[in-house]
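**Student:** OK, TrEMBL features for this one:
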- 12-30: transmembrane segment (TRANSMEM)
- 365-385: transmembrane segment (TRANSMEM)
- 391-410: transmembrane segment (TRANSMEM)
- 422-442: transmembrane segment (TRANSMEM)
- 462-483: transmembrane segment (TRANSMEM)
- 490-512: transmembrane segment (TRANSMEM)
- 573-599: transmembrane segment (TRANSMEM)
- 922-941: transmembrane segment (TRANSMEM)
- 948-968: transmembrane segment (TRANSMEM)
- 974-999: transmembrane segment (TRANSMEM)
- 1020-1039: transmembrane segment (TRANSMEM)
- 1051-1077: transmembrane segment (TRANSMEM)
Amino acid sequence: MKSLIAWSVNNWQAMNVVMVGVLLLGAFSLSQLRRDFWPDFELYVLSISVEYPGASPDEIEEGILEKIEEAVRTVDGVDEMTSLAREGMGTVTLELDPDANQADAQRVLTEVTTLIGQIPSFPELAEKPDIRMNTNFVTAIRVAVMGPKVPEFSDFAGKDELDSDDVNRGRQFDHAEAKAEAALALRRVAEQIREEILALPSVSVADLVGTPDYQIDIEIPEDTLRKYNLSLQSVAQIVRANNVELPGGTLRGRSQEVLLRGSDKSSVGSGIEEIPLVSQPGGAVLTVGDLGRVRDEFSVEGSINEVNGYPAVLVSIETTSADDLIQVADDVRQFVADGSDALPNGYSLIAMRDRSTSVKNRLDLLSKNAWMGLVLVFIVLALFLEMRLAWWVMLGIPISLLGACIYMHFGGQTLNMTSMFAFLIALGIVVDDAIVVGENIYAHREMGKSYHQAAIDGAYEVMPSVITAILTTVIAFAPIMYMEGRIKRLTVVLPMCVGAMLIISMFESLTILPSHLSHKRSRFLDVVTYLLMPLRPLAWLLQKANAGMSKLLTKCIDHIYTPILGWSLRNPAVVLSTLAGLLILSVGVVRSGMVPFLLLPKIDFGFITVQVTYPDGTPVEITNAATKRLEDAIWKVNQRSIDEKMTADPGGFVQAVQRTVGSSGDEVGSSVAGHVGGLFIQLNDIGERTVSSDDIVRMWREESGRFPGAEAVAFGATPRGPASLPIELRLMATGENLAMLDAAIERCKAKLGEYPYVSDIATDTRQGKWEYRIKVRDDAKAMGVSLADVAGTVRASYYGEEVMRLQRGRHEVPLRVRYPREDRNTLVSFNDIRVRGTDRMERPLNEIVEVDVQRGYSEISRVNQMRSISVVADVDETRGNAFNVVSDLKANFVPEFRKEFPGVQLQWGGQQEQTDETVNSLVVGFVFVLGAMFLLLTIQFNSSWQAILILSIIPFGFIGAILGHIVMNIDLTLFSIFGIVALAGVVVNDSIVLVDFINRRVADGLPLHEAIIDGGRRRFRAVLLTSVTTCAGMMPILLERSKEAQVVSPMATSLTFGLALSTLVVLVLAPVMYLVVAKISDPPAMSSAAAE
């Protein structure tokens, strides 16, 4: 290795070329990196969906889900299997192992497809299973296409209370017609806008949300059917036979060929109306339009999707792994600003849910603070080292950073929050080895050696320590790469980026840096000095300050550090017991919950939501009124924000309000039911307001008041990434134990209600609609009436008899025959249904069946083939924390619960599941890391005792990190752990170099005490510099008061406060531990090992 250093010193021009090449290629790579909030990751989730129109969740669970689960339960590589049964649809989801790759996903898809095809039978009316591997798209931005308002019915056509019911019904019909026509017009405009957005060069995926699918209904009353001796099934057969398009072959003539086609097929409502149904004796033909009404509308009736009070359809623009989030959002925003020629009068566009705003703000924040940290690092180096040495040491930071950008670019990574964390973490660490090398070269020059020889000898002397220190730091980050759980997908890039920067830094400090310090003058430095001529006064001040700092540092070493170190060596028991006590106290503080642990802090993206749920079957008018009340409440809160100056925006912090009725989410059609509604509120950026999303939710909840009759009103702020709510209890049971679930749920809800700061307690399943379970009477069976006849007739009357699927552009439109809408909404029509038996006689339904009224669940969830119900809750973090709640539940509630409900399994879900999984894997990983470090250090020092000495110092850095979280009043998070890991790397680096120098002094023949003191004095400057430069790099983030810094602050706190104490630990505890180890082991053996 010495020959490599000598070659680099002798070929300094080649080293300059390498340096410039890395800087240029790295700058190019940085400019080409795609930007996103989180790293790209492949989330392989396979879904198997089966539509069973009109079926209840119980029927779907028994007839579909259990069959699919049994068929695929043996598939290898599946991490978890979940199932969901809701009205008309059953879905089984297979989440593959986190380490699965494309080949694994394809294998699972092929295997599952084969197994599903081998299932003997599904219910007769169930659709073909839809099996797909879900694509990992991320929403970048949405565009709301808003249409003109339709007047409310009370204002429509001059409604008068004195008018007759028939007149008012006619006006109500006209109002419904107007709303349907407006909805269709809005959908057509939105589809045109979608096509224009897809034409933008940066956009790959855009889909419509907030609108249900197209559907054509032929509605014929029962009286009309009986008048013309028709049934819904016979009407379907006639329409099916007359709305066809069939190929007729090829007519081959002498000169040309002609294709023959039978074509009389229509895919629009106006064409369906012209299909003949009945031929009368006089030759007149009655069409579908003559006997009934054709509705060419949507599959969902009564759904509402509004933005800022206007009917709206949203175009959701997604990004793939090849798209740049910020570029996509910028292009779409420009499109919205420019407007579209496709917009008729009365229509408008608004951009919503722009995720790029948060990404840009946070990346800009990190970039700004990184540059500030870089400047501070240089100033610190210039204060303690000569200007020339400080410059070349500092230059190692951009070389390492841009070198890592080369790796990221060619490795397919993105510039995201995690990679920026990596840059910040490594900002101070990467100069550690350069400081050690540069400071030692400077020391060799002070011995009288030439610049050339001092560069070679100084770098070679510390080379083993530098290599070992870098490798141990890289190893320290390894557990993050092998964490378990979903969080791994967000953090795996961090150790990769840090490792790349550290390896490049090691190469730079042992080759490029010595080559620059091997001669007194440098043309490159002369050019830089000329370019920075305006800063000469600052350089002069730093040089003057450097002389003063050198004297001050010497006095500190002589009059403060040396006496403290001498006293510590004389009283090792006091030092060790004091630090051990502080370490135990720090662990106790965390274990007691005084400093709670959260997997991820809440990230304020500027979105808040509310979902209101009434009992299934509640009229849509009640849900509509509730959501309007919630909308009025948020506008009142917004006015309060203006009055109380909570935001710099004169319009308040609310930018857009999306209101939905008839959906469990913001996408109409995704679990549609009139008893469910919600609001999505887009706020301005966190930097433009003085209150957080959680504060706004709290005010909104208070302003909204209570909602009598509602099963749940769940307010929420922004998500925490891959984890869900902080508290989630998952209850699972099978077979005869299912009867215990309801009581177990109520027990859990009651317990959570005892905590004053726990809110939004809810379950993921509720009672469903009332069900009429029909059974054919025995006397009706004797007349030839079967349950299949009855069920088919009832199904056709209400759900509809499907005629066919029509292809209209890119849409598949179902065509159905059923009763008119007004007849389907009353029980009178149910009793009027006529059923034909084998004798072709019509009989009223109520004469041939018995009806049993029951009530089931609106949804049924299953996990790993067991019925599962989750109880979830949120925590007001200003009054309490989830850590204490979960700890109390585990200690005092869970044991009693398991005794009370022995047939019910209780598992932790949500954040707690992720936390347990992540922390446990980190603990196991760090055990292996300590083993790997022990091996490296033993090889380095040829002494297992000295390896133990260095490793035993690592835990003491934890004291400062915990103290920092208490002082800054912030919770421990996963990013705090990242800071502690980086802290361990710095502590090990400093300890290695310090122990190595003590070994050298012992090998030179100095007495043990004298050798330890001399080694500590000799390395004081380097240890202090590595700590101070790392702290300087973190200081801008630590002092950043903006709420955008809330995610990275825990990392900066751990590293900064930890290093402040670790400097003392390394400079005092390491020598004391060396003395203790020397007394335990054989000092001569240690000395000889060091000498070798």
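Each Cβ is built from the backbone N, Cα and C atoms, and glycine gets one as well.
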**Student:** Honestly, do the transmembrane segment (462-483) and the transmembrane segment (573-599) touch, with at least three Cβ pairs under 8 Å and pairs 6 or more apart in sequence?
**Tutor:** no
**Student:** Would you confirm whether the transmembrane segment (12-30) and the transmembrane segment (573-599) meet the contact rule of 3 or more C-beta pairs below 8 angstroms, pairs 6 or more apart in sequence?
**Tutor:** no
**Student:** Need a quick answer: max count of Cβ pairs under 8 Å to the transmembrane segment (974-999), which of 422-442, 490-512, 1020-1039 is it?
**Tutor:** 422-442
**Student:** If we call contact 3 or more Cβ pairs under 8 Å (sequence gap 6 or more), are the transmembrane segment (573-599) and the transmembrane segment (422-442) touching?
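**Tutor:** Not in contact, no.
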**Student:** Does the transmembrane segment (1051-1077) reach the transmembrane segment (365-385) with at least 3 CB pairs under 8 A, where each pair is 6 or more residues apart?
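**Tutor:** In this chain the transmembrane segment (1051-1077) does not contact the transmembrane segment (365-385) - fewer than 3 Cβ pairs sit under 8 Å.
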